[in-house]
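The compositional bias 'Polar residues' annotation in TrEMBL covers 608-625. If you look up TrEMBL, you'll see 581-625 marked as region 'Disordered'. What TrEMBL records for 14-33, 53-72, 84-107, 128-149, 161-181, 193-214, 239-258, 279-302, 339-362, 408-433, 440-461, 509-530 (among others) is transmembrane segment.
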Amino acid sequence: MGDVVLMHFSTVDYVIFVVLLVASAGIGLYYAFSGGCQRTTQEFLLADRSMRCLPVSLSLLATFQSAVAILGAPSEIYTHGTQYWFLGCSYFLGLLIPAHIFIPVFYRLHLSSTYQYLELRFSKSVRICGTVTFIFQMVIYMGVVLYAPALALNAVTGFDLWGAVLAMGLVCTFYTALGGLKAVIWTDVFQTIVMFAGQLAVIIVGTHQAGGIAEVWKKAQNGSRISGLDLNPDPLERHTFWTLGVGGVFLMLALYGVNQAQVQRYLCSRTEKEAIMSCYAVFPCQQIVLSMGCLMGLVMYARYGEESPLDKGYVKSNDQMVLYFVMDVLQDLPGLPGLFVACLFSGALSTISSAFNSLATVTMEDLIKPHVSPMTEARATLLSKMLALGYGLVCLAMAYIASLMGSVLQAALSIFGMVGGPLLGLFCLGMFFPWANSTGALVGLLSGLVMAFWIGIGSFLSRMSASAPPLINATIIPDVGNMTTAIMTTLITSKPRPSGVQALYSLSYMWYSAHNSATVVVVGLLVSFLTGPSKEKDLNPGTIYPVLGNLLFFLPQRYKEKLCCVTPLDDKSKVMDQQPYQMAQKESNGIAGTKEEDQLREEEGEQKSAQPTCNLAHTLQETAL
């Protein structure tokens, strides 16, 4: 093996990279001193709920498309072929379900934080546990997303590592803390355009140098990189149609259905219809992004064949290989390498800024406001800005910790991916199963997290301990929705099928979210029935989506009432007028749904409490597109 080869930026490349940072900071400054000047928490955290469909959809896409995806997808295709392309099949249900189930529930409850739903549906303790779990996953992820592209850039070009980390971290903190969610969304729009331009430039130039798209396809076919439809149902197989197309749905739901960074985009939309349209608009964009990543991988194979830069020792890991390819292809075209690096760092900036803003929101709404005396709007807004700034500094600290991790970096990203499934299970438990109670939710979440960490860490350690052949190939798995990224270690082996605990450790990472969310739901329901299931009359209106009532439409009404599955989703106008979240909590401490309140309601109007829910509300309205 040869020495690692360093390629260098030209002056034009540096200029393009700096322009990206300056433009992002400029957008933050613009929104800091325009409009309402970010003087209210409503404007700072939710953009005055005034955003239109197009910017919201591009922001949703940018948050999904991190630097890990830009580096990981082509490397995955180059190494293992185009089977990963079938992930696109999961996008349809992965976006259709949030659009017609999660968005109507969250939007009609007029929430600021996703975890306020957990208090409305269960209790304050469930809300806090959900919030703390989210903060844990995001804090781990932020530093890695910031450090990984800077490390790849440093390894290939000699670009100053900590200079890149500090530049990105400080600029991102600056525009997020000053400009609020409006700045985050509009910088996402700008950064999405840069990402498309950078990837497209590499694909066009690389395809031309390889002799055209027909030649690229021919070489990929000859190298067995064009994969057919693999219908093997074995959940231990890393990538098949079922693991990608079905397991991927749960990964998408964990991101687009219940993750605060994405839900906050829906909540800032002008209307529920625009929120749903933005979710739909992401679908074709995601397909384009996936296709571009896959095409880049095929162009890489057409250029290098089986003699990869990694095998020749030009780079040290797969995540550096894509950047080496870009510098190699574009080395005679000044400015284009800088454009791709700007594309790479745009992915990181959009992800990190979304993390800052969502973390500031949940910390303010879930951990501070319910526990302190009422604050003035000016003080609350200032505190929100300080939180965004504080999380920016935490991100830089996490980037430094990530630099000390070495191979544990893979475990850190796997841990992030493990947390999305249990949180998805917690929301599904509350939204689809009226019998679930607070105790069941807490025990279910804990069980899901324990199961997730047991499988994830056990799998990582068992593979690390396999020092003998077969060959272990560390591969970065592309970002399956940012908030559910997993870096796994792939065994290329013909060993017999594992059994027992080893089979659990060999479960495809694509099934993690489905497995862990199912654990939360099953355990949560069992505990709820053992400790006394919730009764329909005790549930806050609008917190249950009537999926069981719709599925059991053939049952007589009296049986559906006994099964507690007739609770409808409240009408949008009714919920928006009454703002049930604010009505359901005590003004003094923000606690919702306590027993004392139930007793008070019974004393004030027993007849109102006893009136059947099914007579008060009407059926779910269809959302017109």
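Cβ coordinates are placed from backbone N, Cα and C, and glycine is handled just like the others.
Curation does not apply to TrEMBL; its annotations are automatic.
Contacts between the transmembrane segment (239-258) and the transmembrane segment (84-107): present, as 3 or more C-beta pairs lie under 8 angstroms, all at sequence separation of six or more.
A Cβ distance under 8 Å defines the sequence-distant neighbours of the transmembrane segment (339-362), meaning residues of its chain 6+ beyond its ends; these are 9, 13, 16-17, 19-20, 24, 45-46, 59, 62-63, 65-71, 112-115, 131, 134-135, 138-139, 141-142, 145-146, 148-149, 152-153, 159, 164, 168-169, 171-173, 175-177, 180-181, 183-184, 187-188, 190-192, 194-199, 201-202, 259-261, 264, 323, 326, 330, 384-385, 387-388, 391-392, 395, 482.
By the Cβ criterion (under 8 Å, sequence separation of 6 or more), the transmembrane segment (53-72) is not in contact with the transmembrane segment (509-530), since fewer than 3 such pairs are found. Panel annotation: around the transmembrane segment (279-302), residues 53-54, 57-58, 60-61, 64-65, 69-70, 73-78, 82, 84-85, 87-88, 91-92, 95, 98-99, 103, 196, 199-200, 202-203, 206-207, 210-211, 215-217, 219-220, 223, 225, 256, 266, 321-322, 325, 478, 625 of the same chain, lying at least six beyond its termini, place a Cβ under 8 Å from a Cβ of the stretch.
When the stretches 128-149, 161-181, 193-214, 440-461 are ranked by Cβ pairs under 8 Å to the transmembrane segment (509-530), first place goes to 440-461. Sequence-distant contacts of the transmembrane segment (128-149) (same chain, at least 6 residues past either end, Cβ-Cβ under 8 Å): 66-68, 71, 113-115, 118, 164-165, 168-169, 259-261, 319, 344-345, 347-348, 351-352, 355-356, 358-359, 362-363, 366-367, 391, 394-403, 409, 412-413, 415-416, 419-420, 422-423, 426, 442, 445, 449, 483, 485.
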